[in-house]
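In TrEMBL this protein carries:
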{"type": "TRANSMEM", "residues": "12-30", "note": "transmembrane segment"}
{"type": "TRANSMEM", "residues": "50-66", "note": "transmembrane segment"}
{"type": "TRANSMEM", "residues": "78-97", "note": "transmembrane segment"}
{"type": "TRANSMEM", "residues": "145-163", "note": "transmembrane segment"}
{"type": "TRANSMEM", "residues": "169-187", "note": "transmembrane segment"}
{"type": "TRANSMEM", "residues": "194-214", "note": "transmembrane segment"}
{"type": "TRANSMEM", "residues": "281-307", "note": "transmembrane segment"}
{"type": "TRANSMEM", "residues": "319-337", "note": "transmembrane segment"}
{"type": "TRANSMEM", "residues": "357-377", "note": "transmembrane segment"}
Amino acid sequence: MDTGKTYMQKIDYSILFFIFLLMCFSLLAINSGSGQYYSNDPTFFVKRQVIWFVIGFFAVAGMMIFDYDLYKNLTYTMYGVGLLLLLLVAFSPLGVYQNGAQSWLDIGIGTFQPSEFMKIFLILALAKVMSSITRRKEISFKSDVMIVMKIMALFIPPFLLVLREPDLGTALVLTSIVATMLLMSGITWRMLTLLFTLVIAGLGTLVWLFFYRIDLFSLFIKKHQLDRFYGWLSPEEHSAGYGYQLVEAMKGIGSGQLYGSGYLQGIQTQTNRVPELHTDFIFTVIGEEFGFVGATVLIIIYFLMFYRMIIIAATCNNLYGTYLVSGIIGFLVFQVFENIAMTIGLMPITGLPLPFVSYGGTSLLTNMVAIGLVLNVGMRTKHYMFQVDEDN
């Protein structure tokens with residue numbers, strides 16, 4: 001029987017070490033990129049981020065205390081609570097409109113973003129459903145259809161509520177979770193090909209509407225989102241308007257060159273030319289002040305952390321645990337890619353934070369809870385001389 005000491009020995013401390021390194025990047029970048037917002041206290045955001053990291057590490061420890069099967073039993077309760085919170089954001093006076101979206105919920109002592117927690121709740125729900133239906137004696141197109149229908153039944157309600165806010169970035173994150181877990185579900189390539197074809201057809205239709213029927217395209221996307229899209233396609237042409245943020249961000253990253261301009265020495269960073277430097281565009285601070293070398297080190301840290309998480313998912317002999325870790329990997333990888341890509345102009349600006357680096361309490365706490373779940377799965381994985389699959 002495994003003891004508490006044995007479990008402690010099984011914790012993947014390398015992941016915690018990578019989180020610590022990302023925390024160092026976070027505090028340095030926030031300190032440099034946010035000082036201009038509070039002249040009375042330039043370290044205001046840094047202090048708050050430190051508090052959130054402390055809370056986050058306690059959350060990691062808390063998520064590892066109980067066997068992750070306990071969360072499996074509470075899955076639908078948590079999923080229901082998540083949907084209720086999203087409904088309160090959308091249809092109650094508690095919903096707070098901020099930065100072009102009604103994504104926040106006012107709880108009196110502060111605000112938080114329920115869609116962040118919905119990422120975890122959706123992963124838990126999908127992992128439970130998929131682990132219970134993946135063990136099939138017969139694999140057929142009909143059984144694949146049933147799996148996809150159950151997955152869509154869980155995915156569509158939160159997706160539509162988040163899209164209504166409108167929060168396109170988080171809606172895409174939820175989509176990345178489903179896509180990752182579908183690839184792991186064991187459904188046939190025939191079904192995967194069909195789903196891929198439908199997605200391509202849908203995207204193709206949106207592209208056609210954008211170029212030939214912008215009036216219809218505008219029905220699917222809000223004006224400020226459309227403006228961001230124009231700013232992404234032609235940033236220089238719209239440099240005085242909705243392309244300004246991207247143009248200034250790319251100037252900052254480009255000026256960093258190989259080794260950067262030096263800490264607290266970035267012109268774009270220190271003169272407040274890039275809005276939201278300490279949140280969505282924090283990669284600009286790293287690129288400008290630490291250069292290509294610093295940005296590469298950051299990306300390598302992410303790569304190594306994800307590699308360790310993939311090892312945990314691959315070696316887990318519990319289907320529920322494998323799906324759980326896979327979903328977490330999916331949304332974190334997508335957020336890292338999208339945030340960095342939008343900062344350098346490869347993807348449209350969506351407002352997604354850089355995991356563990358951008359300032360933000362709800363986002364950071366959600367990510368730390370996710371890490372706690374990953375470590376929980378890893379420390380409770382049993383290793384056998386021969387491969388054994390567990391049903392629970």
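Using N, Cα and C of the backbone, Cβ positions are placed for all residues, glycine too.
Panel annotation: around the transmembrane segment (50-66), residues 7, 11, 16, 23, 26-27, 360-361, 364-365, 367-369, 371-373, 375-376, 379 of the same chain, lying at least six beyond its termini, place a Cβ under 8 Å from a Cβ of the stretch. Outside the transmembrane segment (12-30), and at least 6 residues removed from its termini, the chain residues within Cβ reach (under 8 Å) are 45-46, 49-50, 53, 60, 263, 278, 282, 285-286, 289, 298, 301-302, 304-305, 308-309, 312, 355-359, 368, 371, 374-375, 378-379. Proximity of the transmembrane segment (281-307) to the transmembrane segment (145-163) is not established, fewer than 3 Cβ-Cβ distances being under 8 Å for residue pairs spaced 6 or more apart.
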